[in-house]
Structure formats: structure tokens, C-alpha cells
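Okay, structure first, notes after.
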Amino acid sequence: MSSRYKIAVFASGSGSNFQNIVNAVVDGNIQGEVSLLVSNKPNSRVVERARQANIDSFVFNPKDYKDRSEYELEIVAELERREIDLIVLAGYMLLVTPVLVERYAGKMINIHPSLLPSFPGLNAIGQAFDYGVKLTGVTVHFVDGGMDTGAIIAQEAVAIEAEDTLVSLESKIRSIETTLYPKVVSWFADGRVTLDGRKVTIK
Ligand code: GRF
């Protein structure tokens, strides 16, 4: 008997990517289930979204722990208890440590609002806008020990036009994220993604 593919989303903010993935599951576009939300922000919109969608959440305050590995070990216990297959970082504003990275190598992905390796880190949309690049976009990549350095799974580009403002660019990026992240998660649920060194193949 095959069990359903189980996804955990980690998020700290508004949770639009979390919602997009939940919606794709509901619509039958991802063959799996969102089994858990992990968040370090008890009052965030994403925690409320999980409650409304009836999805379990593990919400913690990093200040209650002596170091990162202590709360990550608790997260690992929550993931293992639910037999999570894939960790989806979606605006999770904490760095992950080897406790999670090593246990979930090849099973943890992130979405970043630039065409990596350009503009890693915070405020990627603003960095690209201020730099004056003509093309930017969205990257979905595996998570390794570095900052937005893991093997690239998918990218989608968008042009920055003369009339664009930071606000209009943010909205273009959001609209790419709406379709791209659920699509990539569905590839994982369907077992289509293979990783060989830094080369990712979608079958
Ligand atoms: C998104 O822009 C994503 O690319 C970045 O963090 C943001 C999260 O937004 N990693 P939301 O919480 O999903 O609305």
C-alpha cells in the first residue's frame, strides 16, 4: 500500500507560498498532503492560514532555546513522527543548521526571488532593482549549508521594464511564485526529480 507524499512547509511571514501549495493540494495539482507548518513566528499570518486550513503547526520561539540545534532537534522529531518526505522553505527567515540539512539532504527546497546565483540573501528583489539588471526572476533550489547556494531545480525569468517600480516588480515576482513553487512541489510528489552533484534533472 502506498502512503501519501507528506510535505512540511517552513514559513515566518505572510505565507502566500504556503497558501499556494495548500491550494494546489486541494485542487489535485499536487499528489500529496501538507502535513505540517513549522514557524518561528507565533503571530504570523501563515500560522493563521494553517489554522484555517486545518493543518498541524509546530510554532516555536527561538529565544526559548539555548541554540539553533536545540530547536531543530525538536523540529526533526515532529518531522519524523509524521514521516515527512519533503521540507519546503517558503519565507522561513531562519538559517538552517546541519541538524536539518544533513538529515534532509535532497529533501529540502527553498524559493528565492532572484535568478541565483545573483542576489542571494535578504531583499533580493530590491537588490536586483537597484542594481539595474534587465532580467530577474525566481529560483527554486535545494537547501545546502550555504546561503541560497544549493543546486538549482527551476528558474523563471521576468524582464524589468523602464516603467517598473519596486512595487510592480514585486508583484511580477509574486505572480511567478504563485505557479512555480506548486509546480516544483508536484514534481517531487510524482518522484520526477533527481540530483547528481549540482545537476538536477526532471524526468
Ligand atoms: C517570497 O518572496 C519568497 O520568494 C521568499 O520569501 C517570500 C515569502 O513570502 N523566500 P510569503 O510568506 O510566502 O508570502
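Every residue, even glycine, has its Cβ placed from backbone N, Cα and C.
The domain 'Formyl transferase N-terminal' annotation in TrEMBL covers 6-185. Per-residue confidence over the domain 'Formyl transferase N-terminal' (6-185) averages 98 (mean pLDDT, predicted model).
TrEMBL lists GLY15, SER16, ASN17 with the feature N(1)-(5-phospho-beta-D-ribosyl)glycinamide binding site. In the three-state DSSP scheme, GLY15 (N(1)-(5-phospho-beta-D-ribosyl)glycinamide binding site) falls into the coil class.
DSSP assigns ARG68 ((6R)-10-formyltetrahydrofolate binding site) to a helix in the three-state reduction. With a 10 A radius on its CB, ARG68 ((6R)-10-formyltetrahydrofolate binding site) counts 16 other CB atoms from all the protein chains. Annotation source TrEMBL lists (6R)-10-formyltetrahydrofolate binding site at ARG68, ASN110.
The feature active site, proton donor is assigned by TrEMBL to HIS112. Annotation for HIS112 (active site, proton donor): same-chain Cβ neighbours under 8 Å, separated by at least 6 residues, are PRO120, ALA124, VAL138, THR139, VAL140, HIS141, ASP148. Mapped onto three states, the DSSP output places HIS112 (active site, proton donor) in strand.
As annotated by TrEMBL, site 'Raises pKa of active site His' applies to ASP148. A coil conformation is recorded for ASP148 (site 'Raises pKa of active site His') in the three-state DSSP classification, outside any helix or strand.
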Smallest number of other CB atoms within 10 Å: among the binding-site residues SER16, ASN17, ASN110, that is SER16
When you measure from each Cβ to the nearest atom of ligand 1, which of the recorded positions SER16, ASN17, ARG68, ASP148 fall under 6 angstroms?
SER16, ASN17
For the recorded N(1)-(5-phospho-beta-D-ribosyl)glycinamide site, enumerate neighbouring residues of the same chain (Cβ within 8 Å of the Cβ centroid of GLY15, SER16, ASN17, site residues themselves excluded), in sequence order.
ALA11, GLY13, SER14, PHE18, GLN19, ASN20, VAL46, ARG49, ALA90, GLY91
What is the total of other Cβ atoms whose distance to the Cβ of GLY15 (N(1)-(5-phospho-beta-D-ribosyl)glycinamide binding site) is within 10 Å?
24
Taking the Cβ of ASP148 (site 'Raises pKa of active site His') as the centre, count every other Cβ atom within 10 Å, in any protein chain shown.
17
GLY15 (N(1)-(5-phospho-beta-D-ribosyl)glycinamide binding site) and ARG68 ((6R)-10-formyltetrahydrofolate binding site), distance between Cα atoms, whole Å
22
